[in-house]
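Visitor: Let me give you the structure first, and then I'll get to my questions.
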């Protein structure tokens, strides 16, 4: 069976999008070379933590900059922006590290540029491929792309560990520079590979234009271009007006449950199933990780029934928390498209994601307050307590933080339930109105 050129472009763009996503998370490999940065520039732990936080925050705040660029100029210029910024960011860090030149402020600016570049690549790959595939598969597409984004930290950390470790380096006694040359080479590697892949994405990763047909105008031989999407919407609306007991999901059709300003030619709200479908979250939640943890925590000779009971509860809880984070990360892309469409997808994603840039700072501060309070309240347990008084022992160190986190999760679940109920109610009401008019 011959493959159409449209499908070739679609899947080629998806393949390149996967590569772009795998590189866009390179910022999360900071821990693999932070020790050398600390040694070469004489930074304190607080300086390194601040530099890391600036990079992470710039990724999310950068959505407010990158989103409008994508909406107005498209995926090509967004990828070009990513390539320029990553060249300046990682390239500048390479030069600064090689010469031990510049201070913390200069590195913060460079790392911020690299963070915005990662956001540009992330958004262009996600938005272009979400637009190329129908709504019925948007969950799967976003799940696959975000899975590679999540795995990129592991990928680059392993590359740094195995190819640029610097363990076999011979220390030059005449050099005043600390830190390994391997990290310098690794920064050069990051500069070259991210810039090159982003440029390749700018050329070959494209958003497929909506199909058009040519028709003859009545009484004239001139050609007119007609958008097929409009006809699809009309047929979908006519179909949705007829109740069908065998297809209850039709009550949630975009044409019946959303206002006309939100319709973007989607054949219905079947993405309500893709948004909640396991395929949209399973790749992003890295389901192999809990399995590996369970296998490592159990006796190889134990039977399957004993696996869960013998697993370290802390590891199990950590896996579940990580799975929740991954699931919500995969869901936001589909939900943003479902609710607001593709017209201003970049800006809408920016508004949704920008708070993520401040959440780590706020959450760390709240956790620190609870932790310090628990340290002060705990009683001395051994003679060395005066030396390691900042070490908190016992569940009291974390109870308050988990209570706050649990409360916030309950708020999210309740809000999601109310949102679903409101759209169900609106869908039923509109179906009744359409039935009465018919």
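Any Cβ shown, glycine's included, is placed from N, Cα and C.
TrEMBL labels come from automatic prediction, so no person has curated them.
Fair warning: this is a prediction, and the values are worked out from it, not measured in the lab.
Taken from TrEMBL, the feature domain 'Nodulin-like' covers 10-213. The transmembrane segment annotation in TrEMBL covers 12-30, 50-70, 77-97, 103-128, 140-159, 186-206, 404-424. Marked as region 'Disordered' by TrEMBL: 256-283.
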Visitor: Short question: most Cβ pairs under 8 Å with the transmembrane segment (77-97), which of 12-30, 50-70, 103-128, 404-424?
Guide: 103-128
Visitor: As a test: from 12-30, 50-70, 103-128, pick the stretch that has the greatest number of Cβ pairs under 8 Å with the transmembrane segment (140-159).
Guide: 12-30
Visitor: Should anything in the same chain at least six residues away from the transmembrane segment (12-30) have a Cβ under 8 Å from its Cβ atoms, list it; otherwise answer none.
Guide: 51-52, 55-56, 59, 79, 111, 114-115, 118-119, 121-122, 124-126, 128-129, 132-133, 141, 144-146, 148-153, 155-157, 160, 190, 193-194, 197-198, 200-201, 204-208
Visitor: Would you report the average pLDDT that the model assigns to the domain 'Nodulin-like' (10-213)?
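Guide: Residues in the domain 'Nodulin-like' (10-213) carry a mean pLDDT of 87 in this prediction.
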